[in-house]
């Protein structure tokens, strides 16, 4: 008989594949309705250009997009695991990013220290900002969804104010955007272009493959270990599965809410760093927004598990890359959002169905095995 | 019509070869029952024998995989309970389904409101309810709020609700589970009246004395299939019936020689809990004055449990038992003092109390005791995260936890394919045995056992009783809370009766009868010492 874990995995993957195929079908209808050709549209997603440089650059774009999404997914998933809905990832990462960029530009130290300080500041600011709704929840019972949504507005506007006010850096003549001061070169995260060049491929164009990929992978592994192997992770799981049983078992719900929320916020704080450390080296008006909200979708798609979130983030990155090629193929690029939306919805439905199927199968397996081992007694 | 009507009368209900397959639970297999009209027909069997499934099938909540149902000689096939109601079948659920903030009348007509020109015809409804109530001897005031009614009255409302919808066949699912002995007598009086009116009653129970006192015919179900249907007159004693039910010797809950020592393990002094939430007592204030005029869930509860002693708490549910447990476990704040061994634990967290040696078998295992969607070994870890064998520094020791779960599975006879199986795949009895095994781990010095055998089959019940007795003999102090008076009297060394948050009587289980206990539990008898 197949091991239960493998069985569950196959069901999950099967469900996801069916959901994605269905999503493609639905998107085709949308593309047709927009007056474009679905075949051309889907072709555009796989059109990475003809030269090896453009292919490599395309791949780098996918991964560069996927890395922050992956981190955002992890941040949301930490809360989700405990039935805490941290909708505030958006605000937490923006406020963390500007503070980290500002602090990183105020001093010069050897590269490891410079980068470490920036990462720590970002995590600390994100964590502290998430502490606010956590305290409101345990102290006064304020729903964290409402609190974090409101705090998002505050964070977004606060970072806009900081950017034009106290944190504003020097602006060269003729430049339209406003930015913080540049982080010194020791704080630039080395790129990972060697991943391509070591196979004899050309380096991608522009800033290349952001090196923060390495940090993200380590973060994913560490988080998996924390959630799956430690006592803290067990308490998180227990609180999420059955908060009353967790309470009766001695888990302190308030402590769990605070630690999970702060951990979620600290991870959220890192979302902006791949971009800042890898390409822009400052926080400016063109800083990528919306990653926090996308993170919710990514976490849902990845079932709150690091590996699943990585796959989901890559899928989103892959879809997002097609912005340009879709325009060349005369397809409105908003098709991407329709596809992402339908995929998320259908995968969530598929997850629900497959997990129920898995539970039922588990019950049946148990019943069957018991029936065979206890047959003597049943007929007695 | 009465039970001596001759053969040509069609049976009210016939079930033929009903089979229902379910994953993981005892399914019904080839059930055959014939229920004569105008009789009280009892269906008994141990918990998990398949009674509830059968009733759900008869009430249209589930479809049988095979077999035929006939009502009054007609073949029927129910897709929903409405179909069953239309065929004249009504169900009185074990847990009442009443809206507390509506009146009796409103509850009865709910979903079947009589209207005149679109308005509720309250006068007409009241008239019909009065008629029904009088005809069947079910006395209730239609204009009282349900929240003001006692349990017995609520049950009568449920029965009226069913009669109002025109039911001629009533299914009563464990109707006495929530009643004290006096109320049971009243219920039986009502059922006899219904029978005299020609109605048919299906009485589901595993309380054999009650079955013997009310039923005309008895069908015994074991392991999902009908063992026998016998007229009441052919059954001599409850024991005989019990043996048909279990198919072997019936376990008795009697503890033999006393193992009570002189060392007090748990001492509870003046435990008091306000209904509206805990407020700290201002410095220097007097507690009595501070709480004056407030509704109290626990009112000055004091008792002690010695090593090797089982103290049973008797009481109708909702008189403060849950609050008492939560206060002792540290899950809810209360005034007063709790001492475990030599230490004052009143200010400790739940975790610290557990680490100090308090075990807890919760009253509702699905809500408070298990992570249903987690494996058995993870459930073993629950509550023991900070202790060996589950703990290894900041890590969970998976290997040791699994090994220890294997031990529990073996020692406590938990029937499971493996320790990786999810808890939800196990039957109630096996889940409970796992919990008992877990709570007995780590050598607790004091155990709270709340309804330890509720919803558990007879085999598991005997095993759990044995484990409690053995632990008691080894010096464990046990607080036993149970709605099963036989269990309570049989296991306890001392019985305390709780009524409206107060301990109203301390009784010696050797001297009391269930009737006496029922008197204290309802407040009918007041304390005069013992």
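All positions are counted from 1 along the displayed chain.
Each Cβ is built from the backbone N, Cα and C atoms, and glycine gets one as well.
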Using TrEMBL as the reference, determine which range in A:335-354, A:355-374 is annotated transmembrane segment. A:335-354
Would you please say which range out of A:115-132, A:169-186, A:187-204 has the annotation transmembrane segment in TrEMBL? A:115-132
If TrEMBL is the reference, give me the range from A:18-38, A:207-227 marked as transmembrane segment. A:207-227
Given a Cβ distance threshold of under 8 angstroms, which distant residues of the chain, six or more beyond its ends, lie next to the transmembrane segment (A:335-354)? 11-12, 14-16, 18-20, 22-24, 26-27, 30-31, 34, 36, 41, 297, 300-301, 303, 315-316, 319-320, 322-323, 326
So, do the transmembrane segment (A:207-227) and the transmembrane segment (A:59-80) meet, by the test of 3 or more Cβ pairs under 8 Å (sequence gap 6 or more)? yes
Selected stretch (most C-beta pairs under 8 A with the transmembrane segment (A:309-329)) from A:59-80, A:92-109, A:115-132, A:144-163, A:257-277: A:59-80
Relative to the transmembrane segment (A:59-80), the stretch among A:92-109, A:257-277, A:283-302 with the most Cβ pairs under 8 Å is A:283-302
